[in-house]
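Below is one structure, written out as structure tokens; comments come after it.
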Amino acid sequence: RFIAKPCAINLGIQDSGPHRAQPNAILEKVFTSITKSPDGKRLEGLSKQLDWDVRKIQRWFRHRRNQDKPTTLTKFCESMWRFTFYLSIFLYGIKFLWSAPWFWDTRQCWYNYPFQPLTSRLYYYYILELAFYWSLMFSQFTDIKRKDFLIMFVHHLATIGLITFSYMNNMVRVGTLVLCLHDASDFLLEAAKLANYAKYQRLCDAFFMLFGVVFIVTRLGIFPFWILNTTLFESWELIGPYPSWWLFNGLLITLQILHVIWSYLIIRIAYKALVRGKVSKDDRSDVESSSEEEDVTSNSTKGVFSTSSNGSNRVNGHVASGQWPEE
């Protein structure tokens, strides 16, 4: 409210939402009581009842669906908050882990386990991360429902389960490595969103490409060959098959499967960006375009970076990020 909003206003972002649908009692009743996306048969019936063109009714329903969506200013403020948190917690994690022996030698995660001290810095690192992911879990049900809702729900459950489980079993050393690794790319995605909301398209593309590289390197390279290697093999070698070994590694493997899915989506967006010259669309967000071009088609294309009515591109929603592919 006191930092992000003034920044957005200085960047020329207006607090104006999508075009509002004109008041109509009949269509409003259908929208609230029957369906938000009427099929062809219902559209024909409404067309005869109201003496409206079918395309006009389609446009009304699209505007009505979009008018409750958050404004660009609201999304900018939310992304700025997430960017601040992700960057701060990542820098804190790097500073903390730089002097930790297990950061340089993962076998240190298992020496003298489970009799390892829990320092105050490590404790607060864990509590902050757990609180944030719980907030993501709750806010997911109040945010715009997106096509990857189930994937994100599973991700948040797995993350909260891992943080809680590793804390209860004093596996906090390897837990800090997992947390820091996941925070490495999230702030870059939020930076891309901020640039996109402010209509700095080249800066947005640069941040997104950097995010994609860091995401794929950390999630498909470092995570399996560094984290999974120590939890699957080094732990078995040093402390044996402890009772919760299967559950702990099962949750980590679940995260890795999600990493593969999101990496595929990122690579697909990057490919389209190279072909079209800019980051344009993917298959995640549910904000619909209001351009005349889409009036001709029956459904709008949906994406994280979706085309707005003035032709500019902007990021919709959030990840780790999300948001969109994030942790």
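Residue numbering: from 1, along the chain as shown.
Cβ coordinates are placed from backbone N, Cα and C, and glycine is handled just like the others.
Feature annotations, courtesy of TrEMBL:
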type     : residues : note
DOMAIN   : 27-71    : domain 'Homeobox'
DOMAIN   : 74-275   : domain 'TLC'
REGION   : 281-327  : region 'Disordered'
TRANSMEM : 83-103   : transmembrane segment
TRANSMEM : 123-142  : transmembrane segment
TRANSMEM : 149-168  : transmembrane segment
TRANSMEM : 207-227  : transmembrane segment
TRANSMEM : 247-271  : transmembrane segment
Practice prompt. Might you confirm whether the transmembrane segment (149-168) is in contact with the transmembrane segment (247-271), defined here as three or more C-beta pairs under 8 A between residues 6 or more apart in sequence?
Written response: yes
On the domain 'Homeobox' (27-71), the mean of the pLDDT values is 80
Its residues classified by DSSP, the domain 'Homeobox' (27-71) shows 31 helix, 0 strand, 14 coil
